[in-house]
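Features as listed in Swiss-Prot:
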type	residues	note
DOMAIN	2-115	domain 'Response regulatory'
MOD_RES	Asp51	4-aspartylphosphate
DNA_BIND	126-224	DNA-binding region
MOD_RES	Thr128	phosphothreonine
MOD_RES	Thr130	phosphothreonine
MOD_RES	Thr149	phosphothreonine
Amino acid sequence: MQILLVEDDNTLFQELKKELEQWDFNVAGIEDFGKVMDTFESFNPEIVILDVQLPKYDGFYWCRKMREVSNVPILFLSSRDNPMDQVMSMELGADDYMQKPFYTNVLIAKLQAIYRRVYEFTAEEKRTLTWQDAVIDLSKDSIQKGDQTIFLSKTEMIILEILITKKNQIVSRDTIITALWDDEAFVSDNTLTVNVNRLRKKLSEIGMDSAIETKVGKGYMAHE
């Protein structure tokens, strides 16, 4: 597994690198924190571990840059005790988040879970769903409508798949949150709202503004 570890604390970087390599992960770091994307593009990681507090530009900046060109899984690290860091990471499409200090074995378990969820699923036979006049490719986390294509994060796609399989039915927030936890995604009531809002914004880009309806106090409904 190719891991890009974007961490400016050299002591922590070396400790994590040594531990990850014992699990046969191939780990690369950053030499110039103004050129993170150069290393990202040349190393082509399968997962990125991204610290929030970095010199020159913060981790949120680099997450945006990565999301412009890739859906690679991103796990954020942060030493700040600030819930908004977690919310921001979700808004930017991160796959997981850990607050420092943390147990290395928990980090490794999260990396393995992300890898299984992303790469073992995408290696399966292509799966598609038809919804309204759009085609949803579950293996690529994409939606195509006419000549327009949008890409979703793994969490957004799970939410959408749950709603579509129960079209014209109200799906409770608790049902969605439970499904996401079962899939080893990290989510709370607040981050579910963030993900649904981000999903709606992406759907609006292809003219599907009212495809998902909020049922106040009950949950969400995907219309036929």
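Positions of Cβ are set from backbone N, Cα and C atoms, glycine also.
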List the residues of the same chain that sit at least 6 positions away from the residue listed as '4-aspartylphosphate' in sequence and have their Cβ under 8 Å from its Cβ, in sequence order, or write 'none'.
-> Val6, Glu7, Asp8, Asp9, Gly59, Phe76, Leu77, Ser78
Where does Thr128 (phosphothreonine) sit in the DSSP three-state scheme?
-> strand
Find, for the listed modified residues Thr128, Thr130, Thr149, the residue with the lowest Cβ contact count at a 10 Å cut-off, counting only other Cβ atoms.
-> Thr130
Rounded Cα distance, in Å, between Thr149 (phosphothreonine) and Thr128 (phosphothreonine) is 14
Tally the residues of the domain 'Response regulatory' (2-115) by DSSP class, grouping H, G and I as helix, E and B as strand, and everything else as coil.
-> 53 helix, 22 strand, 39 coil
